[in-house]
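Have a look at the structure below, then the notes.
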Amino acid sequence: MCPSCRFQLILSSETQQLMTSKLSSDCPRENPPTQEPRKSSSSRKSFRLNYRHEEEVTPSRRDSSGRFVNPWPTWQFPSYTTVLRLFLMEKNHSNVPSSKEVLDKELPVLEPYFIHNPEQCGQVGSSLRVTWLGHATVLLEMDGLVVLTDPMFSQRASPMPFLGPKRYRGPACTVAQLPRVDAVLISHTHYDHLDASSVAALNSRFGAELRWFVPLGLLDWMRKNGCENVIELDWWEENCVPGHDDLTFVCTPAQHWCKRTPTDDNRALWGSWTVLGPNNRFFFAGDTGYCSVFEEIGKRFGPFDLAAIPIGAYLPRGIMKSQHVDPEEAVQIHIDVQAKNSLAIHWGTFALAYEYYLEPPVRVRDAMVAHGLNPDHFFTLSHGESRLVTQDEAVH
C-alpha cells in the first residue's frame, strides 16, 4: 500500500474508530424513568415533561450486551472490508489547499465579537445571537442564557497530539477569550465533538458554575475529567440551568454511534439537543445520519427559530450515509424539524471525508432552491462570525 493510501485511512477520526470497532440537579422530577438504577442517577433528573413513555416517540434502545443501538432501518453499519475497500478505491476530492493565503480568502477566520457583560445580553432581546467557532462548536445567546455546543478548540481530533485529523482552519478563539458560558451541550463521544483538552480548559475557567448536558453513559467520563455540574439524560428527558428554569434542555435522538477506545463501542448514548425558551426555540443536530426521528422532533417541539445542522463529511457515501447526512439530507432535516432558519455546521474545519472542501454549502443552497425554499434561511457563517436571528423568519 502506498504511503498516501495509508494516511487516507486515518483521515477521519470516526472512520478510524469505525474500523477499529469492526476489528475488535436543581429541578423537580416528574415521571421518573423506569430504567434500572445507575450510579449518580441524581444527576439525571427530568422535570415537567417526560416523553420517553409515549408511544409516538422513539425511545433509546440497547442490545443484549447493554450497548446502545440505533432503532431505525436507515442505520446500516458498514463492514470493515467495505470501509477498507471504499477508502482505498474511491478518489479523495477534498483538495484542501496547503496555502494559508488561499484558505484565508476562501474560509476566513474572523475575530469574534462577544458580549462579555451579562447586563448587555439584553441587547439580543427576543432574538437569537449565534456565533460559529468552527466544526460543530457554536456559541448561542438565547433568552438571557449563553450555550456552547460540542466545544472543540484543539488542533487535532484525536487522543494523540501527533496523529489523527488536523484542523486546516484554526478555532476562532480560545477558551480564555470566550464570554461567560452557562451551559454546554455534548452530542456524542467522538474526538471531534468531545475533546478532553477543551473540556478541561472550560472546566478550569468556569468550574462548577458551568452546567454540562450529556447523553446517557457520559457522566463518569465527565467526572473523571473534573466536571462536577453534569446532567446526564436519556432521549426525551429534560432539565434546566439553575436560575433559568424558564429554559428547557431536552436530549433528543439522532442516528449516530459512540466510540473512544477499542472496547467502548456504543457504551454511551448519542443525541441531538432541543432548547426551549420563553421567546425562542433552538435545535442542535450534533452529528447524524438521516432518519425519521426528525419528523418526531419537529412535531413535538417545532417550529424552531434556529437549528444547527451538519452538512459535511459525507463521502464515500457507502461509509458515511448512516452516520453523516449529505447536504440534501441536511435540508430535509431543516424541513422535518420545522426550522425557520438553519446554520450549517460540521464542515470547513477538518478534512474528515472525500468531498471537495467547498462543496457542502453549494449543495445546501441548491437543495433549498429545489424545495422552493429561500436559500438564505439555511445559511453559512465564516469562522468567528456572528448573526442575529429574529423571530420573523428573516435573517439579518
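Each residue's number is its place along the chain shown, starting with 1.
Including glycine, each Cβ sits where the backbone N, Cα and C put it.
The region 'Disordered' annotation in TrEMBL covers 20-46.
According to TrEMBL, the feature domain 'Metallo-beta-lactamase' maps to 147-347.
Classification of ASP287 (Zn(2+) 1 binding site) by DSSP places it in coil, neither helical nor stranded. According to TrEMBL, the feature Zn(2+) 1 binding site maps to HIS188, HIS190, HIS256, ASP287.
All protein chains considered, the CB of ASP287 (Zn(2+) 1 binding site) has 27 other CB atoms within 10 Å. For ASP192, HIS193, ASP287, HIS346, the entry in TrEMBL reads Zn(2+) 2 binding site.
Cβ-based neighbour count (10 Å, all protein chains) for THR263 (deoxycholate binding site) stands at 10. Annotated deoxycholate binding site per TrEMBL: LYS259, THR263, ALA351, in sequence order.
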Which same-chain residues, if any, lie at least 6 apart from HIS193 (Zn(2+) 2 binding site) yet have Cβ under 8 Å of it: ALA136, ASP150, MET152, ILE186, SER187, GLY286, ASP287
Nearest of the binding-site residues (HIS188, HIS190, ASP192) to THR263 (deoxycholate binding site) - Cα to Cα: HIS190
Binding-site residues listed as HIS188, HIS190, HIS256, LYS259, HIS346, least Cβ neighbours within 10 Å: LYS259
Residue among binding-site residues HIS188, ASP192, HIS256 with Cα closest to the Cα of ALA351 (deoxycholate binding site): ASP192
Other CB atoms within 10 A, centred on ASP192 (Zn(2+) 2 binding site): 27
